[in-house]
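A.B. asks: Just dropping this structure here.
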């Protein structure tokens, strides 16, 4: 089997048409190059990319800023309503979440650990 493969490959190398022929050129893009994400984005994706380029976070995609969780510097929780349910993992290695309702107005404390949270109004971008 191996000898047959070697004979065929040697015969193909000796053929004039095989050596004169250049490998086909593959064109992956137009002459200007590949389009970037910004150039080919449409609809909602385009709006998000444009907002991100301006430094905005319209759909809360990025991780929120960390706060101290004190009464003077509470964790800010955006909401489109006047109340929202919040989950607090009180200790770093805790396996359960303490859920409680957060209402608009003054900062409220987590019933378990005492971290402060404050509800702030949030407008949807669309």
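Placement of Cβ uses the backbone N, Cα and C atoms for every residue, glycine included.
Checked TrEMBL, it gives:
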- 88, 90, 110, 113: Zn(2+) binding site (BINDING)
- 65: N6-acetyllysine (MOD_RES)
- 83: N6-acetyllysine (MOD_RES)
- 118: N6-acetyllysine (MOD_RES)
- 1-20: signal peptide (SIGNAL)
A.B. asks: Select one residue from 65, 83, 118: among these modified residues, choose the one with the most other Cβ atoms within 10 Å of its Cβ.
C.D. replies: 118
A.B. asks: From the modified residues 65, 83, 118, pick the residue whose C-alpha lies nearest to the C-alpha of residue 110 (Zn(2+) binding site).
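C.D. replies: Result: the closest of the modified residues to residue 110 (Zn(2+) binding site) is 118.
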A.B. asks: Between residue 113 (Zn(2+) binding site) and residue 65 (N6-acetyllysine), find the distance joining the two CA atoms and give it rounded to the nearest Å.
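C.D. replies: Cα to Cα, residue 113 (Zn(2+) binding site) and residue 65 (N6-acetyllysine) are separated by 20 Å.
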A.B. asks: Quick one: Cα separation, residue 118 (N6-acetyllysine) versus residue 65 (N6-acetyllysine), in Å?
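C.D. replies: Pair distance, Cα basis, whole Å: 14 Å.
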A.B. asks: Applying a 10 Å Cβ distance cut-off over all chains shown, what neighbour count does residue 88 (Zn(2+) binding site) have?
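C.D. replies: Here the count is 21.
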A.B. asks: Sequence gap of 6 or more, C-beta under 8 Å: which same-chain residues meet both conditions with respect to residue 90 (Zn(2+) binding site)?
C.D. replies: 98, 110, 112, 113, 115
A.B. asks: Among the binding-site residues listed here, 110, 113, whose Cβ has the fewest other Cβ atoms inside 10 Å?
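C.D. replies: Each of the binding-site residues 110, 113 was scored; lowest Cβ tally within 10 Å is 113.
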A.B. asks: Taking 8 Å from the centroid of the Cβ atoms of 88, 90, 110, 113 as the cut-off, which other residues in that chain fall inside it around the Zn(2+) site?
C.D. replies: 89, 98, 111, 112, 114, 115
A.B. asks: In angstrom units, rounded to an integer, how far apart are the Cα atoms of residue 83 (N6-acetyllysine) and residue 65 (N6-acetyllysine)?
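C.D. replies: Cα-Cα, rounded: 21 Å.
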